[in-house]
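Asker: From Swiss-Prot, here are the annotated features:
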BINDING   D37, R110, D311, G324  FAD binding site
CARBOHYD  N521  N-linked glycosylation site
SIGNAL    1-23  signal peptide
TRANSMEM  479-499  transmembrane segment
Amino acid sequence: MEDGRSTFKVIIIGAGVTGLTLAHCLAKACIDYVLLDKGIVAPSFGTTITLQPHGCRILHQLGCLDAVLASCDVMSGAQCRDPSGKTFASNDFFRVVKKFTGYDTRTLDRKVFLRTMYEQLPDQSRVHERARVEEIIEDNEKTRVVLQDGQEFVGNLVIGTDGVHSKVREIMWDNANTAKPGMITVEEKRAMVTQYNAIVMACSPVPGLGSHDMEVTSNDKFSFLLLCQPDWISIIVHNKLPEDQQCTWPTRRRYTESDMEALVSRILECPITETVVFGELWKRRLKAQMISLEEGVLEHWFFGRIVLAGDAIHKVTPNSALGGNTAMEDAVTVANTLHTLLAAHPNKKPSTVELQDAFRDNYQNARMDRVRAIVKVGGDLTRQQAYDGWKRYLIQRWLTPIVGLDTLAKNIAGLCVTAPKLSYIDFEEKRGMLNWQDTVAADKELEMHHENVGGVRAEYHKSKWLLTSADWSGGFEAVFPQILGVLMVMWSSVWLFHLAFSRHCISGFGGEVWRTFGADNETSCVAK
């Protein structure tokens, strides 16, 4: 009899972070696949990818981690700075995250990461470059992908990992609205919004900047994010767009060198730290480009025999460094879903209905809440770090140092340890003070099995210091808002008292608010 896994074929479209990770996952599951990309593997555009601990765990499981780590160094501390470059919060951020998860946080050139993932594939002949998709035709249990040059690929499932401007998504939308008119609404098509753009660049090292640190420098409606490595620095300048320049799909902003230079000219003199201004980074730039920052989550992640993953269905702003890692989570969950479905019926290929049921329950519905929370975390961080409104200014400038970056690091760790891994590969994962949620669940299931077999009741105890991921399953939202709420009430009471009894209310805390947002602002740089 034929093995369903060996005869079922997946066509992956898009050889970015999601597509290459998925290719590795399918190879480990012995599921046949091809990977198509309209361009080349590892293009030069883009700057970096930051691998959070859960991304590193996935790479560890796939056997790619050592090769990736050979091309990058660890991250260590973090500093938050005001418009003058002065520090108002700092800690060993990434060391704290590692303490709770067991894995480092790494940042490396995106091109190097993609090239490494490609070279680690067991069969590179499955990857086809310059394969631009023209049409996807579903015919009973098969799908045909037709390229612009007339070449065709036939499989049983298409997975679109072709990014935020996905061609596969547009085809899926058309198929869905043809079969079920009104299924994909205008609201969903416009769910990804662009309110910020960014300059993404890399430069050579600058004296005065740490070689393993993250620097966040806030300004009025823009911010600088630096990820420093010994040989280079990754920089992202997040810039709030005027309302008349904000947009949704299908508008796609394309920026020229002149557009980028215009923004640079307004921020050239802005401090990054107390000893470095942005102009010094710009002079040392190795590459730079200006891009739109889309953000949002779509409702429908599949239809028929087409499934979407990664930026094609959700997009997060880069401040949280969760976008690529969330895409890798998608790849893992898609592979787990397929592996489970094919293993349950090893002698036949699943029907379209069976595929849709599996991806609805085990992929779309299972991940929707988590992905929405991640996108919200990224958006909130972008706006807080850019002082986008007085409430966000208060959170970033005044509540962050009170709450402490250790709390933020712990919550990032909590978000990491609730991420998925492949269900069909055993490996010795690293562990920290927080246990990985899926590992804890598997251990408990095994223990319950032993109970049933041996009639022995196991008692589970949580160490005061060894917390399970359930304690942090809400990520940022588990602790941060409650603390902020209490602090806001406390601060409001003090501020009202100050207003009522002081004739010099614009001083101290209030003075900084006035200086940051006032018309006579002389200390902060403003990009309009």
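Here, residue 1 is simply the first one shown, and the rest follow in order.
Here the Cβ of each residue, glycine as well, is placed from N, Cα and C on the backbone.
Situate these features within the shown structure.
Answerer: Applying an 8 A CB threshold to same-chain residues 6+ apart, the list for D311 (FAD binding site) reads G16, T18, G163, V164, S166, G323, A327.
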Asker: Around the Cβ of R110 (FAD binding site), how many other Cβ atoms lie within 10 Å? Please give the count over every shown protein chain.
Answerer: 22
Asker: Let me know the largest Cα to Cα distance in Å among the FAD-binding residues D37, R110, D311, G324, as an integer.
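Answerer: The span, Cα to Cα at its widest, is 18 Å.
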Asker: Which ones in the same chain are close to D37 (FAD binding site), with CB under 8 Å and 6+ residues apart in sequence?
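Answerer: Set apart from D37 (FAD binding site) by at least 6 residues yet with Cβ under 8 Å, we have I13, G14, A15, G16, G19, V127, H128, E129, R130, A131, D162.
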